[in-house]
Amino acid sequence: MTAYDVVIEIPKGSRNKYEVDHETGRVYLDRVLFTAFVYPADYGFFENTLGDDGDPLDVLVLLEYPVFPGVGIKVRPVGVLKMSDEAGGDAKIIAVQHKDPRWQHIQDVNDIPEYTRKEIEHFFARYKDLEPGKFVTIEGWGDAAEAEKIVQAGFANLEAQGH
């Protein structure tokens, strides 16, 4: 499986929603989540991609310990949580650190413990509940092959934009 570069914006356990300004590279506090939820894993984006929402593809990285905003990690996709929000399609690729022996047994979304998948799905289903005009629709899980196709499409989308 191919390894990809991602940048973490939000560490596991945070309510702060950080975003990287892609022109300056600076990390900004976008908002504090309106709900009492915390991110269930480190959250960021795939470099050099463009998702359906016009932003780089989102990624949730399962790690032993959280990292801090701005850290780059080589990951391999193992699945995808298919969802949409008020801006359109908003798939969340689920990945693990490439070559970390603690995660080698996770090759596909079904290798992730069921309870962990439920936590991730519950977080994304409810984390915007108190924000006016925002919503999320969960559409289900996809396997590693589907996640890989979405990542490849993200690279192609950015290239088609002339970048």
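In case you wondered, yes, glycine gets a Cβ from its N, Cα and C as well.
Pulled from Swiss-Prot, these are the features on record:
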BINDING   Glu9, Asp58  Mg(2+) 2 binding site
BINDING   Lys17, Arg31, Tyr43, Tyr127  substrate binding site
BINDING   Asp53, Asp58, Asp90  Mg(2+) 1 binding site
BINDING   Asp85, Asp90  Mg(2+) 3 binding site
ACT_SITE  Asp90  active site, proton acceptor
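When the binding-site residues Glu9, Asp53, Asp85, Asp90 are ranked by how far their Cα is from the Cα of Tyr43 (substrate binding site), Glu9 comes first. Taking the mean position of the Cβ atoms of Asp53, Asp58, Asp90 as the Mg(2+) 1 site, the remaining residues of that chain whose Cβ falls within 8 Å of it are Gly51, Asp52, Asp55, Leu57, Met83, Asp85, Ala87, Gly88, Gly89, Ala91, Lys92. Listed in sequence order, Tyr43, Gly44, Phe45, Gly51, Asp90, Ala91, Lys92, Ile93 are the same-chain residues at least 6 apart in sequence whose CB falls under 8 Å from the CB of Asp58 (Mg(2+) 2 binding site). Within 8 A of the CB centroid of the substrate site residues Lys17, Arg31, Tyr43, Tyr127, the other residues of that chain are Ile10, Arg15, Asn16, Asp30, Leu33, Tyr39. If you take the Cα of Asp85 (Mg(2+) 3 binding site) and the Cα of Asp53 (Mg(2+) 1 binding site), they are about 9 angstrom apart, rounded to a whole number. The subset of binding-site residues (Lys17, Arg31, Asp53, Tyr127) lying with their Cα within 10 Å of the Cα of Glu9 (Mg(2+) 2 binding site) consists of Lys17, given in sequence order.
Of all Cα pairs drawn from Lys17, Arg31, Tyr43, Tyr127, which the record names as binding substrate, the longest spans 15 Å.
Sequence-distant neighbours of Tyr127 (substrate binding site) (same chain, 6+ residues apart, CB-CB distance under 8 A): Leu33, Thr35, Phe37, Val136. A simple way to gauge crowding: the CB of Asp53 (Mg(2+) 1 binding site) has 16 other CB atoms within 10 angstroms, across all the protein chains here.
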